[in-house]
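Report on one structure; see the data block that follows.
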Amino acid sequence: MSTAFHKVIMGLYDFLKECFSGFWDYETPKVMVVKNRTLGVIYRAVQFLVITYFIWYVFISQKAYQDSETHPDSSIYTLMKGTAVHGDDILDSVEYASPSEGGDVISTLLRRDITYDQKQGTCAEYYKVENANCSKDADCVPGEVDFNGHGRRTGKCIQYYNHTFKTCEIQSWCPIEEYAVVREPALVEAINFTVFIRNYIHFPKFKVLRGNIEDSLGKRRKRKYLNKCQYNEETDPYCPNFRLGYIASQARESFSELCRTGGVIGVFINWDCNLDLNPSYCKPTYSFRRLDVRKDEDNSGYYYRFAKYYSKNGVESRTLIKAYGIRLDIIVHGQAGKFSPIPTIISSVTAMTSVGICTIICDWIMLTFIDKNEVYSDRKFDEVREIASAFELSYIGSFGSNHSDLSDGVPL
């Protein structure tokens, strides 16, 4: 038992001694020219891929030689413009835009469902509300409030307006919306309404401020231009006026369908600025996309309710309006880059270091798949111990050179 234990201890000692001794060894690369056409083609192909990746993608596409800023400061001002004839009424932006002057969110009314002359009182609950249908008073619990309903139940079972069936009586604004609502036709003229979007973006790191309105125009010419222009990507890229019809078409939406259900559309303003050029080349690009989920019919679209209150015969009354419309969310993304020596040096060193991957890959291929008779491995790895005499130095200089040439004539 003691002999086996002694062998284990000695084996562990020899292992640790060898590791300690090897820690102080010096390793240097050995240059070996392998005249093998297949391996040479693989080596140059991998080199070409690595160099192409860094030149085209890293330096040209990603501009790795630039210092960048991706969180600029931004301000947005929006204003809806347009006038529409709706029956005998003339509607302006105060009536159909909310808010009339806004920030990064603005909406416009396209269709209204109106419930006139609602008053505080008692009336029949909507028959589609859970447990609202009844046949006797005992079916209705006094004081019960259904949060999906319209009010507090009185405990009575009454006729549902001019229908033959009955529902529970509630205390609420009466008559309820679902029974007395009047649906107005859509405001089709809204397709020509325009939304004015003014955006300024500031890159503090580079001290650059840009806006989406042309700065070179004089004050009078600018005012005249802004009153008449409409945005066009080719002819008027600096015009901040966007037709609602244009926004809907760019978002691939039917304006008539938006009038029916409403919808939320994102207006994306993207600033991608190369500040190695003149800042005047820093221009915004616009894209538009529907944001609400259209597949879910119950939750898609956009609408909101508001009421107009008045006194009629000394009784407080109101007109309830359910408004369907388009809500525009203005979302700004920005990034800017400018040449800087530090990222250039880092990227260049990374590129040169990555070229060494080619040698590692080809060494692995050579030693794993080509070197079947271990001819290459015998010449690639040499162990040179401390030189004791001039004779050994001459011997190593003749036969142990760190530059070997292996031709195709070496038998494998």
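Using N, Cα and C of the backbone, Cβ positions are placed for all residues, glycine too.
Where the annotation comes from TrEMBL, it is an automatic prediction and has not been curated.
According to TrEMBL, the cysteine that forms a disulfide bond with CYS229, out of CYS239, CYS259, is CYS239. Listed in TrEMBL as the disulfide partner of CYS157, from the options CYS123, CYS134, is CYS134. Looking up CYS140 in TrEMBL gives a disulphide bond whose other cysteine, out of CYS168, CYS174, is CYS168. Recorded disulfide link (TrEMBL): CYS282 to CYS273, out of the candidates CYS259, CYS273. In terms of C-alpha distance, the listed disulfide-bonded residues CYS123, CYS134, CYS174, CYS273, CYS282 place CYS174 closest to LYS322 (ATP binding site). Within 10 Å of the C-beta of CYS140 (disulfide bond) we count 22 further C-beta atoms, all protein chains included. Closest to CYS229 (disulfide bond) in space, going by CA atoms and restricting to the recorded positions CYS123, CYS157, ASN192, THR194, CYS282, is THR194.
Spacing of CYS168 (disulfide bond) relative to CYS174 (disulfide bond) is 14 Å (Cα to Cα, whole number). Candidates CYS123, CYS134, ASN192 (recorded positions) were compared with CYS140 (disulfide bond); those inside 10 Å Cα-Cα are CYS134.
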